[in-house]
Amino acid sequence: MKTLLLTLVVVTIVCLDFGHTLICYNYETPLDKTTECCGNGVTTCFAKSWRDHRGLRTDRGCGCPNVKPGVTINCCKTDRCNG
C-alpha cells in the first residue's frame, strides 16, 4: 500500500507542469495499474489487444501506434482513458 501511494505521489510530482500533460495507463495486467506521463505534443492514449499462445494480451501506453492485422487498437484523448 505504501508503494502504491509513493508511486502516485511521484507520478503527480513528475506530471506537474504549467501546461497539461496527458496521463495514460501503461500496464499489461489489471493487477498492476501503473501510469505514465506522456511527452510534449502527445495527445492520445492507446490500448491494443491481440491473441497469442498465452491467450488475450493487452498493451497500453501513450500515443496511437499503427498495428499489424489481427491487432485491435483503441485510441482516446483524456487522462487515464485507456484503462
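From the backbone N, Cα and C atoms, a Cβ is placed for every residue, glycine too.
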Disulfide-linked residue for C38, taking Swiss-Prot as the record, within C62, C64, C75:
C62
Taking C24 as one end of a disulfide recorded in Swiss-Prot, give the other end from among C45, C64, C75.
C45
Of C24, C38, C45, C81, which is closest to C75 (disulfide bond) if I measure between C-alpha atoms? They're all disulfide-bonded residues.
C45
